[in-house]
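Here the structure is laid out as structure tokens; the discussion comes afterwards.
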């Protein structure tokens with residue numbers, strides 16, 4: 001990261017499927033710290049599940065304290081249509097939160113067909129999707145800063 005002042009980033013993490021979301025959180029925290037934007041414990045917010053992520057993310061973004069919000073969760077397909085409703089609601093809600101607040105809200109919600117797929121995407125390696133969501137958030141923060149600075153020039 002090349003910004004002189006590191007951006008303050010919040011992380012919202014679903015408490016459902018913690019064996020997966022804990023790995024996503026570790027990936028996001030490790031990446032943000034490595035990029036010079038460590039996240040303090042008070043800036044890590046628990047959400048009951050993926051469906052609650054959008055409201056919490058939007059509320060955090062509206063405080064004006066955060067340059068971006070990383071959202072992490074895991075929805076694994078079961079035997080009913082619940083998977084589709086939760087996945088779509090979380091996806092559209094997080095996109096709307098970012099658009100309405102003009103604050104980067106990244107989508108680090110796994111939507112997998114099996115437990116094995118979820119575990120593979122939350123391992124402590126370069127393919128960790130929490131890491132990717134944190135990277136997307138930081139990259140978007142930097143892009144928006146450049147756009148806003150150029151608009152003022």
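Keep in mind that glycine also has a Cβ here, set from the backbone N, Cα and C atoms.
Taken from Swiss-Prot, the feature active site, proton donor covers 82. The 5-amino-6-(D-ribitylamino)uracil binding site annotation in Swiss-Prot covers 16, 50, 51, 52, 74, 75, 76, 107, and the record cites sequence analysis as its basis. Feature annotation from Swiss-Prot assigns (2S)-2-hydroxy-3-oxobutyl phosphate binding site to 79, 80, 121.
Using a 10 Å Cα-Cα cut-off around residue 82 (active site, proton donor), the binding-site residues 16, 50, 51, 74, 121 reduce to an empty set. Largest Cα-to-Cα span within the 5-amino-6-(D-ribitylamino)uracil-binding set 16, 50, 51, 52, 74, 75, 76, 107: 16 Å. Comparing local CB density within 10 A for the binding-site residues 52, 79, the maximum falls on 52. Of all residue pairs in 79, 80, 121, the annotated binders of (2S)-2-hydroxy-3-oxobutyl phosphate, the farthest apart have Cα atoms separated by 23 Å. For residue 121 ((2S)-2-hydroxy-3-oxobutyl phosphate binding site), the number of other Cβ atoms no farther than 10 Å from its own Cβ, over all displayed protein chains, is 21. Summary: among the binding-site residues (50, 74, 75, 76), the fewest other C-beta atoms within 10 A of the C-beta are counted at 76.
Residue 121 ((2S)-2-hydroxy-3-oxobutyl phosphate binding site) falls within a helical segment according to DSSP.
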